[in-house]
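J.: Input: one structure, supplied below.
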Amino acid sequence: MAFTEIKHPLIIDKLTRMRKTETSSKDFRENLNEIAQLMVYEIFRDLKLEPVEITTPVAKTTGYTINQPVVLVPILRAGIGMLDGIQKLIPTARIAHVGLYRDETTLEIHQYFAKTTKDIDKSYVIVVDPMLATGGSACKAIDIVKQWGAKEVKFVCLVAVEPGIKRLQEQHPDVEIYAASKDEKLNEKGYIIPGLGDAGDRIFGTK
């Protein structure tokens, strides 16, 4: 399925601010949410609409309203940082959760939490995580939401690299990938270069 890099001057500017080592957790979180909000327009381009009859101050007409439920699935913990920005434009979205952690020695992904929501099989499901590095977490999370019954799934991140993109496309060819930036490479520890550092630590100020 397609990989889309959403390029826009506002996104590029805010992402540059996030990359800087000296950026505070507060500013990092704010820019993360603002970028997520800016990406919404492209991510939800094909949401289903239904006609509704309405009355304006001067006439009756036909309008259109979204008739497809949306479920956001943050990969804990860093994915939580993207929710507010998306929910500002999609306030009716329900939230499911997938908790994963990576063994820093083996780079293997382990699940520690998962909580679904109703009607996920009928919903437009967006899995969110700031980083798409090796692709292990993204693939594991999408495995889980598909086990829940999700049929229409997209993956949204800020920064992605080719190994993660390729792995996700190979394991889940039906899932569209959206990123604010395609970065250069992974280092020997599996971190994105130039990247953002550890997004979870920077969001929550834990380092």
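Glycine is no exception: its Cβ is also placed from the backbone N, Cα and C atoms.
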J.: According to Swiss-Prot, ARG77, ARG102, ASP129, PRO130, MET131, LEU132, ALA133, THR134, GLY135, GLY136, SER137 bind 5-phospho-alpha-D-ribose 1-diphosphate; which one of ASP27, ASP198 is annotated to that same site?
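T.: Matched candidate out of ASP27, ASP198, per Swiss-Prot for 5-phospho-alpha-D-ribose 1-diphosphate with ARG77, ARG102, ASP129, PRO130, MET131, LEU132, ALA133, THR134, GLY135, GLY136, SER137: ASP198.
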J.: Which whole number of Å gives the largest C-alpha distance between any two of ARG77, ARG102, ASP129, PRO130, MET131, LEU132, ALA133, THR134, GLY135, GLY136, SER137, ASP198, the residues noted as binding 5-phospho-alpha-D-ribose 1-diphosphate?
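T.: Taking every pair among ARG77, ARG102, ASP129, PRO130, MET131, LEU132, ALA133, THR134, GLY135, GLY136, SER137, ASP198, the longest Cα gap is 17 Å.
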J.: On a count of neighbouring CB atoms within 10 A, which of the binding-site residues ASP129, ASP198 is highest?
T.: ASP129
J.: Three states by DSSP: which one describes ASP198 (uracil binding site)?
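T.: The residue in question, ASP198 (uracil binding site), is coil (DSSP, three-state).
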